[in-house]
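Below is one structure, written out as structure tokens; comments come after it.
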Amino acid sequence: MSTILEKISAIESEMARTQKNKATSAHLGLLKAKLAKLRRELISPKGGGGGTGEAGFEVAKTGDARVGFVGFPSVGKSTLLSNLAGVYSEVAAYEFTTLTTVPGCIKYKGAKIQLLDLPGIIEGAKDGKGRGRQVIAVARTCNLIFMVLDCLKPLGHKKLLEHELEGFGIRLNKKPPNIYYKRKDKGGINLNSMVPQSELDTDLVKTILSEYKIHNADITLRYDATSDDLIDVIEGNRIYIPCIYLLNKIDQISIEELDVIYKIPHCVPISAHHHWNFDDLLELMWEYLRLQRIYTKPKGQLPDYNSPVVLHNERTSIEDFCNKLHRSIAKEFKYALVWGSSVKHQPQKVGIEHVLNDEDVVQIVKKV
């Protein structure tokens, strides 16, 4: 472990010393690729044993979505969780109070949302310091990250936390790079650019790929990509998670400072202690989770509006709905009757591939 950390430290120092220009781009690209490989080793060391096995760290996934609270120690994560979900997570006015993952659950708009108060991340978590590695491993399983920041401390904390999460392959509020990449057995490196590139050229791409011992591949760049984007695609283990920045303790700042905070993208100012602005926070959480509620309607009965079937936005077909209820239903499926905004007629007969909208009502008709 220490040798990996030493190598990472040496590469980061060299990158900091190297001036960024066209002449050094290939060298920097190579260093970035080496750094990504070392970080992968750090995340998943060889010769498993299934993790550290420390008590309280991984929590069984329950509910329709999982939200992780990430932040430096003593920024108010535990207070926020207790006030949102009524869960007691040990709170004190000194750092490192929460030492295990504390789960809570809230019901919002019919969906059950699991909330995880993760132990405070300290600087250097991605390098194995503190319990940061286990914390970030749990953060990777979340559908949404709440990054809790103390608005009395500068936004430098935000940059540090983003840097820690980036080091573990978590990309916040980003989409996967629009790059086509396929390895092949022969034919060398074939690079196609659909738009002019400001950083990547054939030589730099070959340099990065050679670090991964890849000498035959087809690559299509569909936008002006960076070497970091290409490395993310090659690594293939990146997680893209939406993030909301919660600037806590707004009861201790002026109105003018609050106006500045409101201009920060993906940001909600709150006071966990005084329950201020929780409505805005929950509404934004719902928007970022992109969940869809589908109501069931048994034959001859009224729809059940109390317990919706909750689907994730990218998986909202009738087949996904059937599988969420029970896997056997899709096999016995004949057709479905749908009421709602996804159909022209009320009701409309649809097949298993029909895509549903939020708050549609569905009645399944099985084969006889």
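Using N, Cα and C of the backbone, Cβ positions are placed for all residues, glycine too.
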Could you let me know which of LYS22, LYS46, LYS344 shows up in Swiss-Prot as (3S)-3-hydroxylysine? LYS22
Taking DSSP three-state, what's GLY71 (GTP binding site) in: helix, strand or coil? coil
Counting only other Cβ atoms and using a 10 Å cut-off, which of the binding-site residues SER74, LEU118 scores lowest? SER74
LYS77 (GTP binding site), number of other Cβ atoms within 10 Å: 31
Within 10 A of the CB of ILE250 (GTP binding site), the number of other CB atoms across every chain shown is 22
Whole-number Å only: compute the distance from the Cα of LYS77 (GTP binding site) to the Cα of LYS22 ((3S)-3-hydroxylysine). 44
I'd like the per-state residue tally for the domain 'TGS' (290-366) from DSSP, helix first, then strand, then coil. 14 helix, 33 strand, 30 coil
